[in-house]
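*Asks:* Per TrEMBL, the feature signal peptide maps to 1-23. According to TrEMBL, the domain 'Aminopeptidase N-like N-terminal' annotation covers 108-302. Residues or ranges marked as substrate binding site by TrEMBL: Glu237, Gly374, Ala375, Met376, Glu377, Asn378, Arg916. As annotated by TrEMBL, Zn(2+) binding site applies to His410, His414, Glu433. Residues or ranges marked as active site, proton acceptor in TrEMBL: Glu411. What TrEMBL lists as compositional bias 'Low complexity' is 983-1028.
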Amino acid sequence: MALFQRGLIIGLVLAICVVVSNGSVHLGRDDILGTAYLTDSELDMMEPRIVAEPEDGSTTWWYTPSRKAHMHKHRYSSAIRNLQNEYNKKKNQIKQGEDMRLPGDIIPITYNVQMLPFVELIASGNYTTDGYVEIVVECVRATQNISINSAELDIKKSTISILDLETNSPMAVVNFFDEQLSREIVTIQTAVQLVVGKRYKISMNFISTLNDELRGFYRSSYVDGGERKWLAVTQFESTDARRAFPCFDEPSMKANFTVTLGRKETMTAVSNMVQTKSGPISGMPGYVWDYFAPSVKMSSYLVAFLVSDFINIPAKPGVSNVQFRIWARANAANITSYALDIGPQILEYYESYFNIDYPLAKQDMAAIPDFAAGAMENWGLITYREQDLLIDTETASARQKQRVAIVMAHELAHQWFGDLVTMDWWNAIWLNEGFASYMEFIGTDSVEPDFKMNDQFVVENLQYVFGVDALETSRPINIEVNTPAEISSLFDAISYEKGSCVVRMCADMLGIETFKHGLTRYLSKNAYGNAQQDDLWQAMQEQADEEGVVLPATVKEILDTWTYKMGYPVITVTRDYATGGALVSQKRFLLRKSNASEIDPTVYQWWVPLTYVHSKVNINEKLTEWLSKDDASVSLSDLNASADDWVIFNADQQNYYRVAYDKANYGLITAQLMDDHQRIVPNNRAQLLDDTFILASVHMIPYKRALDMSLYLAQEKEYVPWNAVLAEFNYIDSMLHNAASNPDWTVYLTSLVTPYYNHVGFQESKTDAQLTIYARSDAMSWACRLKIKDCVDNAKSKYAELMDDPDNSAILSANQKSVILRTGVENGGQVEWDFAFSQYTSKYDTSFLIAATCSKDATRLYNLLEMMLDSESGIRQSDVNTLFNNVASNPLGNIIATDFLVNRWNDIEQSWLGTRYFVNFFRYVCNRQNTQKQLDTLLKLRTDHFEILGNSNTVQQGIDIVTENIVWMELHQDEIGIWLADPSATEPSPSTEATTPTTTPTSTTQSPSSTTITQTSTTQATTTPSAASGIGKMNAALILVVMLLGKFIVH
């Protein structure tokens, strides 16, 4: 489906390796570094999880959500949980290994679907929909059993009819097998076999339910003028069309759908195709049927219905030949203009880009108040969550505006990738989502070039998924799935973000024009049908051959290494300055390496495009060599660079790998950055910062190299390079908070942030570019945290102005609101705190509650937690996780929250909160903790309440985080402290460069016993082989969890 609530999905924190158990896990931060600030809705939608293992238990499946999947996909995290719980209940009734797939004996040709939802009766508790379906099918393999997908439907068996269309005679039905509960399939058995090549018509009446699970044909509502109004809408991807009507609910079983929807005369109905006529429903005064034209050939998951009291607002004519309308509640008509403006332009641009016309007569977009995804690409009727379509550009933040554009660009791209050409089976869902996640940047750029979407790609998609895909628990892009639960798990960071990165790499490898021509070839050849990734590779190969693009292997051979293997390489470049050549090697990059990897038979080597530039070659003249999947290394005889030229591999960071260099080349790059950083393009500056700090965090290079490189940031004014390094700064900042070197660290950060803040300034301008607004948000967050006077004074002034006129929404810019509120409370007194809390309880604006958690007064923070226990305090239960998480993210609040959890356990349990929050609370306090004493306290707490905490993987995750924070401190705080005292100090020995750390898991057995960290003796200023083995006790993945805690909350 669609793309992304990118602004919200900060989930890499837990996404990297949290196992969700005994409750939801919610982590993240807003744009103030060092503290995680999240609203409850953000928490809920960003919840990373691990889906249960496949039913055969043959392999472990870890699932890390895409930061954008919930924006476009099928259901909220709570609904995903419902699906998994539902399937777990079923599994005991399913025979071991039983196939959930349809047998494929017959295939659908056409559907006639008639639905009458009683929307007007929902308020009285009647959720039924009367349904009738006719399906014309063709027999492709002789059978007496007609199996159709169906789930939670009341099929009227007496109405089932099978008609032989050749003879127009009915066939006797001798049995009906209802396996809806166990397999989501019903089977009709006929007296005689169906004959291969003949067509039959299956028909039946049924009753479905307008559920409240945001899937299938479900009910939604909104309040208008104090009156609750109801509507019925669909969400079928991936396997929920079967909950609305019996169908062949697999993507390859495409057919033409003719839809008829019943409604009250006072309502409206919309479906995929244009409405052809309306007529009264016999015997039901006040009700009408709306008849829609037969659809193009499409998959069942793309069928859409909407019955509501919405109005439609058409786009201005002239931009596109396609009728373009938005359906929304009547009082939202005034906030549709932005979507109506850019939507037809993006559609028109895609027609030109793909050189294929949009095939339908209309493109409707519906704003649904209660919608599980951000959007869903139903052909001709895209459904959106309201905030992802409707926007007031005068008051919305820059992030909100970009979000609307990028979600729309993603969904419209699906009209070609997903709708016109659909993956053959869900294992290749990345062909839908990876392409749409790539095209969203191109489509948005076509209407908003000021957004610089190509630059944003590296921090939004590539560097995010690097963290996810650097774990042994990642997965290949293309894997086998069968059950609904397995299919749901594919809507993750690997399908979306990694998929988009592979597509982007393919475009760079072939050249953009050859790539575009290849897409047109692929789409044209497979239009209205299904495809596998080999079909895409074949189209690209044919186009490359036609245009004379020379590759070292076939497109398939090259790109299969990236789709059938998990992970990615770190490319180590060791230059020979005497000969001008280099030894370039590849090795799978892992944030940690466990013993399990030793028995993995996969050879983790890839076909790697080695694109590079150097001091005398600009990005448009980049050079390319190749490293074969059969080779661990390759010698490049001549880089065409002199000994005093820097060399940077992965030009413009178009390709999917990290890069490590020898010491001398790092020195040359750093010197260039200090002398004239603009000689290196922004994407590569972002790459250098991200790669270098990540490599240092896993001890592949000394931190000195990363910190030396960061010195140039005092001159950096661009958003992307700065944003790429903030998470790494944030982690170091949180770890050194109580360290002796913290004053030096604060002075150093201030020296970097001050010129950045001074460049963008506090005051906004209507002429600010998009990335200037983003840069200001980051700079203000740091500047106010570091107590840079101009930032704090301006924020306090704005806060005071708001206190004088709290209902004046024009006082605070939407782009600055969160920073100003938090800074106002943090630097204020009781009056400022009282104002924030009263605004929260009167308006239920969670940003004020988050601000209240930023107080530096221990009493106020403790009282806030105390109020959390009182159901009459004004704190909503839905905000409890937000409250506790943000208090725990406050350096002072972390101490208070831990104490509160330990000493007020019984009070919490006896309050209205009960026991269901304990697992989350425990996890929230862990991120900042990094001492043995703190770990001992947590271990004792788990032991004392083992019945609640002891078997939770989420709790274990928190303990592992603290354990690894302790080890990180042991290994790196002195090293960093030495550099802060004297950046010119000699760096540690490079003897452990370019080695992936092997991690020996620490002893944190989940039993009622305490665990003590085994201290590792290391010399901080010098890295030796023995020190490198000590790093074996360092779980780098967990360090990255905390390091990336807030990298993407604002993006």
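Glycine is no exception: its Cβ is also placed from the backbone N, Cα and C atoms.
TrEMBL annotations: computationally assigned, not manually curated.
Not measured: the values here are computed from a predicted model.
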*Asks:* Between His414 (Zn(2+) binding site) and Glu377 (substrate binding site), how many Å separate their Cα atoms?
*Replies:* 6
*Asks:* Using the alpha carbons only, what distance in Å do you get between Asn378 (substrate binding site) and Glu411 (active site, proton acceptor) once rounded?
*Replies:* 9
*Asks:* If I take every residue in the domain 'Aminopeptidase N-like N-terminal' (108-302) and average their pLDDT values, what number comes out?
*Replies:* 97
*Asks:* How big is the substrate site in terms of the longest C-alpha to C-alpha distance among Glu237, Gly374, Ala375, Met376, Glu377, Asn378, Arg916, in angstrom?
*Replies:* 37
*Asks:* Taking Cα atoms as reference points, which of the recorded positions His410, Glu411, Glu433 is nearest to Glu377 (substrate binding site)?
*Replies:* Glu411
*Asks:* Taking every protein chain in this structure into account, which of the recorded positions Glu237, Glu377, Glu411, Glu433 has the most other Cβ atoms within 10 Å of its Cβ?
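*Replies:* That would be Glu411, with the highest Cβ count within 10 Å.
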*Asks:* To the nearest whole angstrom, state the Cα distance for the pair Ala375 (substrate binding site) and Glu433 (Zn(2+) binding site).
*Replies:* 13
*Asks:* What is the one among the binding-site residues His414, Arg916 whose Cβ has the most other Cβ atoms less than or equal to 10 Å away?
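*Replies:* The residue with the most neighbouring Cβ atoms within 10 Å is His414.
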*Asks:* Distance check, please: Cα of Met376 (substrate binding site) against Cα of Glu411 (active site, proton acceptor), rounded to an integer number of angstrom.
*Replies:* 7
*Asks:* What number of additional C-beta atoms lies within 10 angstroms of the C-beta atom of His410 (Zn(2+) binding site)?
*Replies:* 33
*Asks:* Relative to the Cα of Arg916 (substrate binding site), which of the recorded positions His410, Glu411, Glu433 has the closest Cα?
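*Replies:* Result: the closest of the recorded positions to Arg916 (substrate binding site) is Glu433.
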*Asks:* For Asn378 (substrate binding site), what is the tally of other C-beta atoms lying within 10 angstroms of its C-beta?
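*Replies:* Summing over all protein chains shown, Asn378 (substrate binding site) has 29 other Cβ atoms within 10 Å.
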